[in-house]
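Undergrad: Straight out of Swiss-Prot:
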- C125-C185: disulfide bond (DISULFID)
- 98-193: domain 'BRICHOS' (DOMAIN)
- N79: N-linked glycosylation site (CARBOHYD)
- 53-235: topological domain 'Extracellular' (TOPO_DOM)
- 32-52: transmembrane segment (TRANSMEM)
- 236-256: transmembrane segment (TRANSMEM)
Amino acid sequence: MEPASCCAERPKPGPTGVKTKPSCGGWRAVSLLLLLLLLVLAAVGVVAGGLLGSAQGPPKPRLQTLRMTLPSPHMPRPNQTILVDVARNAATITVTPPQSNHSWAVLFDGQSGCICYRPEEHQVCFLRLMEDSDRETLRLLVDTSKVQEAWVPSQDTHHTQELLAVQGSLEVDPAQAGALVQRLCMRTPIYWARRAEGESGPLWGKARPSGWFEELGAEPLEIHGTLATGPRRQRLIYLCIDICFPSNICVSVCFYYLPD
């Protein structure tokens with residue numbers, strides 16, 4: 001006599017009739033239905049999450065980083081990085097000159113309409129008002145950062161020089177300089193600087209600093225030149241920094257002390 005399988009019905013004696021257990025096929029059907037229900041619920045959750053994410057949209061980054069490779073046929077390449085704050089219409093250029101461990105931070109602040117220079121090795125900031133060309137440079141920096149690609153200047157990069165006269169007697173109130181300038185120059189004196197156009201006299205780089213520049217420990221450079229017009233007065237060059245822009249223009253910004 002063969003043993004009864006799990007699918008065979010086993011009648012139980014009783015006056016009211018015969019009761020049977022569910023077959024194996026029934027259990028399989030119930031298990032498949034439960035598995036199918038779980039898969040459907042998981043799929044609904046994925047779709048709902050995708051719809052919610054698309055409704056909110058991807059978060060727009062406030063800061064974009066633009067890294068620049070700067071070829072120079074005459075000197076080693078500086079390390080330069082540009083951090084652009086699109087929401088605040090501002091860009092901070094960090095430049096580390098060749099063979100130096102000290103960086104410069106140059107802030108283009110579109111909200112306050114100023115450019116701030118902060119040499120790391122000196123406890124001082126230089127502030128000047130933006131001109132139309134500076135606003136165009138800031139717009140170019142913001143637009144270039146949106147591409148999110150490294151920018152490499154072409155071989156026909158134009159090099160120029162900019163002289164800024166530092167007015168040591170005019171210290172800027174940080175409360176009037178704007179939030180970004182305050183953050184960059186925290187607990188650091190800020191002095192007004194202006195372009196040297198209209199200034200005059202010889203430019204000398206080999207001389208001992210005097211006044212507040214001497215207190216900063218600034219060392220004069222071996223630079224000689226001449227400003228074209230006006231009364232002839234000696235000018236001492238103390239600090240210079242080279243900055244390159246996506247417009248294929250590299251500028252050597254030099255500061256000199258304007259006597260009181």
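Including glycine, each Cβ sits where the backbone N, Cα and C put it.
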Undergrad: May I ask which residues of the same chain, at least 6 positions away in sequence, place their Cβ under 8 angstroms from the Cβ of C125 (disulfide bond)?
TA: C116, Y117, R118, V181, L184, C185, T188, P189, I190, Y191
Undergrad: Just to be sure I understand the packing, how many Cβ atoms besides its own are within 10 Å of the Cβ of C185 (disulfide bond)?
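TA: That number is 23.
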Undergrad: Using DSSP and three states only, what is the residue listed as 'N-linked glycosylation site'?
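TA: Looking at the DSSP assignment, the residue listed as 'N-linked glycosylation site' belongs to a strand.
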Undergrad: Where does C185 (disulfide bond) sit in DSSP terms: helix, strand, or coil?
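TA: Note: C185 (disulfide bond) is coil by DSSP, not helix or strand.
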Undergrad: Including all protein chains shown, what's the count of other C-beta atoms within 10 A of the C-beta of N79 (N-linked glycosylation site)?
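TA: Result for N79 (N-linked glycosylation site): 15 other Cβ atoms within 10 Å.
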